[in-house]
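The block underneath contains the structure these notes are about, expressed in structure tokens.
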Amino acid sequence: MAPNMRKSHPLLKMVNSSLIDLPTPSNISMWWNFGSLLGICLAAQILTGLLLATHYTADTSLAFSSVANTCRNVQYGWLIRNLHANGASFFFICIYLHIARGFYYGSYLYKETWNTGVILLLTLMATAFVGYVLPWGQMSFWGATVITNLFSAIPYIGQTLVEWAWGGFSVDNPTLTRFFALHFLLPFMITSLVLVHLTFLHESGSNNPLGISSNCDKIPFHPYFSLKDLLGFMIMLFLLTTLALFSPNLLGDPENFTPANPLVTPPHIKPEWYFLFAYAILRSIPNKLGGVLALAASVLILFLSPLLHKSKQRTMAFRPISQLLFWTLAANLFILTWVGSQPVEHPFIIIGQLASLTYFTIILILFPIISSLENNLLK
């Protein structure tokens, strides 16, 4: 009998073991779809980004008009730009839901997979930030100025670090050039990190909603989950194209329709919606260095998840008190996102401070305590 090509060919063999004959737990739900959706987001962003880069000019005097030219004169340039800008939003929606799934079902106990995932999130955030600067509108310019300026809070080397990042004494042409270079490079770095992430995942196999070993009940990835993923792709691409065609500027900032002007400060400087929760935490602390540390901690705290797991059960599926705490945390993140979009005045200041305190308290203190309590209730 002739050997099966996909099982014997050196390259096809790798694809086969990762996407076709991969043993998968039979009971994984739609929450396990977001990994593949993130893959589609990454592919779409690289494709649209590459097409946009062919028409973009990384120069302060031409950047804004080159983006306008892409939208007006390049065939389907407006569509490519809208898909790229809104694709970033969908990327973050998917990654936040993916992290939430991992947090809820205890996937962080696969430490290597989880840690590479957190590094992926940080790289994605860096990519989105430098990308937001490229259109060189008012919010692009002032967002870059404010966020890069945060590094000046680092004792002793801060100011030197900021000037080194800027390539001068303010955000100017060298800054835009290097941000474009970084925005082009980082997605490929993300792609390589994704391969590392998947390698670690396939070492242990997928977790499942019950959080117990599924070795006795596994099914091949194809056709069962490839078809299930396809449904997810169709839903997400439908939502993305709907947003890009009907309301492309819904999630953007109107200030970015004005070319960057270093002499005029916008009334309210804020980042894109997906960074607002971290921005609210940054603003809630009056001290600059304290704010920067809280901002970093708001994301880096994810690295501590495996260490803070005190429950005898892996998932929250059968832990009602932890579930209540989880959804309180989710609501708290929505409050932080809302506060981050509001001006710095009463009552938003105190709401932001309380929500920031609640965020860290739930993750660092309440989750371990409640887990231990639930362990005692099992006795």
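From the backbone N, Cα and C atoms, a Cβ is placed for every residue, glycine too.
Listed in Swiss-Prot:
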{"type": "BINDING", "residues": "HIS84, HIS183", "note": "heme b b562 binding site"}
{"type": "BINDING", "residues": "HIS98, HIS197", "note": "heme b b566 binding site"}
{"type": "BINDING", "residues": "HIS202", "note": "ubiquinone binding site"}
{"type": "TRANSMEM", "residues": "34-54", "note": "transmembrane segment"}
{"type": "TRANSMEM", "residues": "78-99", "note": "transmembrane segment"}
{"type": "TRANSMEM", "residues": "114-134", "note": "transmembrane segment"}
{"type": "TRANSMEM", "residues": "179-199", "note": "transmembrane segment"}
{"type": "TRANSMEM", "residues": "227-247", "note": "transmembrane segment"}
{"type": "TRANSMEM", "residues": "289-309", "note": "transmembrane segment"}
{"type": "TRANSMEM", "residues": "321-341", "note": "transmembrane segment"}
{"type": "TRANSMEM", "residues": "348-368", "note": "transmembrane segment"}
Stretch-level contact, the transmembrane segment (348-368) and the transmembrane segment (289-309), CB cutoff 8 A, at least 3 pairs: yes
HIS197 (heme b b566 binding site) and HIS183 (heme b b562 binding site), Cα-Cα, nearest whole angstrom: 21
List of residues, in chain order, with Cβ under 8 A from that of HIS84 (heme b b562 binding site) and at least 6 apart: GLN45, THR48, GLY49, LEU52
Same-chain residues near the transmembrane segment (78-99), Cβ under 8 Å, at least 6 residues beyond its ends: 31, 34-35, 37-38, 41-42, 44-45, 48-49, 51-52, 67, 70-72, 117, 120-121, 124, 128, 131, 236, 239-241, 243-245, 248, 251-252, 272-274, 302
Range from 34-54, 179-199, 227-247, 289-309, 321-341 with most C-beta pairs under 8 A to the transmembrane segment (114-134): 179-199
Touch test for the transmembrane segment (227-247) and the transmembrane segment (321-341), at least 3 Cβ pairs under 8 Å: no
Same-chain residues near the transmembrane segment (289-309), Cβ under 8 Å, at least 6 residues beyond its ends: 99, 103, 106, 108-109, 111, 114-115, 118, 121-122, 125, 150-151, 153-155, 277-279, 281-283, 356, 359-360, 363-364, 367-368, 371
Distant-in-sequence Cβ neighbours of HIS98 (heme b b566 binding site), under 8 Å, six or more positions away: PHE34, GLY35, LEU38, GLY117
Positions on the same chain near the transmembrane segment (321-341), where near means CB under 8 A and six or more residues out: 100, 103-104, 270-271, 273, 275-281, 283, 311, 348, 351-352, 355-356, 358-359, 362-363, 366-367, 370-371, 373-374
Packing count at HIS183 (heme b b562 binding site) (other Cβ atoms within 10 Å of its Cβ): 22
